[in-house]
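Visitor: Pasting a structure here, questions to come.
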Amino acid sequence: QDGLKQCLAEFEQQLAWVERLDVTLGPVADPVSKSASTSDAVDPENDFQREMSFYRQAQAAVLEALPRLRKLQVPTRRPDDYFAEMAKSDQQMQKIRQKLKSKQEAIERSEKAKQLRAMRKYGKKVQVEILQRRQKEKKNMLNAVKKYQKGLSDKLDFLDEDQTSSQGNKKGSASQRTKKGPNAKRRYKNQKFGFGGKKKSSKWNTKESFNDVSSFQSKVAHNKGPGKGGRGGKGGKKALNKRPGKRARQKMKNRAR
């Protein structure tokens with residue numbers, strides 16, 4: 001005990017409080033229970049109670065020390081231009097930034113992988129549902145066909161449903177073709193030969209075409225145009241005095257005999 005007292009006397013320094021700034025107080029009163037919590041009431045195994053006890057003890061020390069510092073005209077607020085040097089070096093902070101960045105990238109990659117797995121799982125689920133629906137429709141149609149063959153049913157509704165579905169598919173494909181349009185070869189043939197349809201009696205005159213004489217050309221009709229045997233044409237009398245064919249000449253010889 002004498003040695004402890006001697007050590008305590010050596011630790012003690014007879015200095016003013018502003019040089020020591022030591023404050024030893026109990027915890028501040030709890031605003032809920034309106035009573036100061038003692039050390040006996042705090043469960044040391046309960047982390048929350050222990051930390052709250054430290055917090056309230058520090059709060060009591062601040063409430064006691066701030067008025068004394070202001071009375072002694074000691075500044076307690078940090079200036080706006082205050083520069084505090086960090087305890088860690090720039091190299092250590094760079095390592096920490098790299099570590100945090102790598103963790104963030106790993107989290108993003110993990111989230112993307114989770115999304116891809118979810119999308120694949122959903123796609124497989126939809127594919128399985130479509131296959132199951134098709135198998136069910138096929139099974140129902142086969143059952144309906146068997147019933148019809150056995151004479152148990154006289155309805156052919158399943159054929160109508162099949163036709164409507166096939167027509168729907170054809171319409172969808174036709175709309176896709178019209179959207180895409182024909183290629184260059186098909187367009188050339190359409191321009192040259194037409195688009196199909198009725199070809200028999202397609203050149204017969206109608207009442208409107210018979211009465212329409214706007215395209216009539218007298219020179220061409222009477223062989224007066226160029227190349228048709230007129231005065232200025234190249235044909236002339238040669239075109240009119242054309243030699244008859246071999247069969248016609250043979251007939252003429254037989255008649256002469």
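Keep in mind that glycine also has a Cβ here, set from the backbone N, Cα and C atoms.
Take a look at what TrEMBL says about it:
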type	residues	note
COILED	86-113	coiled coil
COMPBIAS	164-176	compositional bias 'Polar residues'
COMPBIAS	177-190	compositional bias 'Basic residues'
COMPBIAS	211-220	compositional bias 'Polar residues'
COMPBIAS	234-257	compositional bias 'Basic residues'
REGION	158-257	region 'Disordered'
Visitor: Quick one: mean pLDDT on the coiled coil (86-113)?
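Guide: A mean pLDDT of 87 is what the model gives the coiled coil (86-113).
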Visitor: Do you know the DSSP helix, strand and coil residue counts for the compositional bias 'Polar residues' (211-220)?
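Guide: The composition, in the requested order, is 4 helix, 0 strand, 6 coil.
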